[in-house]
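Asks: This is the feature table in TrEMBL:
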type	residues	note
DOMAIN	2-79	domain 'Threonine synthase N-terminal'
DOMAIN	98-315	domain 'Tryptophan synthase beta chain-like PALP'
MOD_RES	111	N6-(pyridoxal phosphate)lysine
Ligand SMILES: *Cc1c(COP(=O)(O)O)cnc(C)c1O
């Protein structure tokens, strides 16, 4: 499988090169040249497969530069640290309503599903190339811990994660700073998330190498992350009757990586009726789908912080398909957007998107009230991100006869302070309680590129 850029001016790459490079040189994002198809029979056969076996059968269609045996081993290792044998248990919460629990990985958020795999994948490529590399990323919460957990067993990697000092929750910080591995380096930046992010972006601009080691980005534009997420759409849909019946999904959405994987599953042949984009008050995606208003608003800090974004990077990948792979149109659209902070989508591609995508935006007050309501009705405690999805599923579900699967993206204990605000006291899993006792390791640095680089040089 070859990978092409959405803007059409970057070199065509293999799977390996795509995973190792991140953003395309022309500013676009890499997508597969063709989307492989799954027949009904291929889908039905997955009924007899474990999660890892299903993942192998789905992902190998996009990967032709790793042999089957190796790929199987990489996938198997990726899902050994999940608390449930189902990996992604599906819970029924109403006649045709289901909750897909994606939070059984080591850091209790759905990002584990992709980042555990990405760690083993990149380590494999580095070993093969006899290379060492440096992972660098900024986090406002969940990504950092999932990346550290996914990469800390990699022999060929050093990991530097920047977080804004005193601006993330204690649990989120401790999930990163209590990992006792010599290749893990946490840096608290005296500033906000944007300051930390700016340092990372600047580092990638300046050079892609540090002390002769390749810099690797872990943000959600990496193709490997999208790929690993396709799997649970297919696996869960099949367990409620696909491909014999249509299925809908609702996805708490920030950078559009998770729900884009659902779109790819539908392009592969999974009969998906609706994909509901659930946003918090940072609602650019909802404004696009509903009003064709593709413009930047100021960032709002919400109680669902993993979805606090101004622009959703992966939406460009979707537009590429909506515009029938016309990279010139995508380039023109984003040139205008980058100049004016605003653009519009042509009617035809937009109406195509509206055939499958629905959207809504949910404010903080609604989130708290729905956490209470779901607990009362089902005895199920959900985290604030998942709550947004459940409201959206209710608002946007126009086909009551079709099963609606809402994606639960984080364990409620991860956001227990917010859940408490909703009036529900939560039992903390032992893995979280232990975190509160463990010794932390991190350094605090000013929001200064040079100081951060000096530190990185000193430990490498
Ligand atoms: C990252 C994250 C999201 C948003 O996912 P995207 O792929 O960025 O749309 C939603 N919920 C939780 C808990 C997350 O960590």
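Using the three backbone atoms N, Cα and C, a Cβ is placed for every residue, glycine included.
Bear in mind that the values here come from a model prediction, so they are computed numbers and not experimental data.
How buried are the listed features, and what sits near them?
Replies: For the domain 'Threonine synthase N-terminal' (2-79), residue counts in helix, strand and coil come to 39 helix, 7 strand, 32 coil, using DSSP.
Sequence-distant contacts of residue 111 (N6-(pyridoxal phosphate)lysine), defined as residues of its own chain at least six apart whose C-beta falls under 8 angstroms from its C-beta, comprise 105, 142, 143, 146, 147, 225.
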Asks: For the domain 'Tryptophan synthase beta chain-like PALP' (98-315), what's the model's average pLDDT?
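Replies: Looking only at the domain 'Tryptophan synthase beta chain-like PALP' (98-315), pLDDT averages out to 94.
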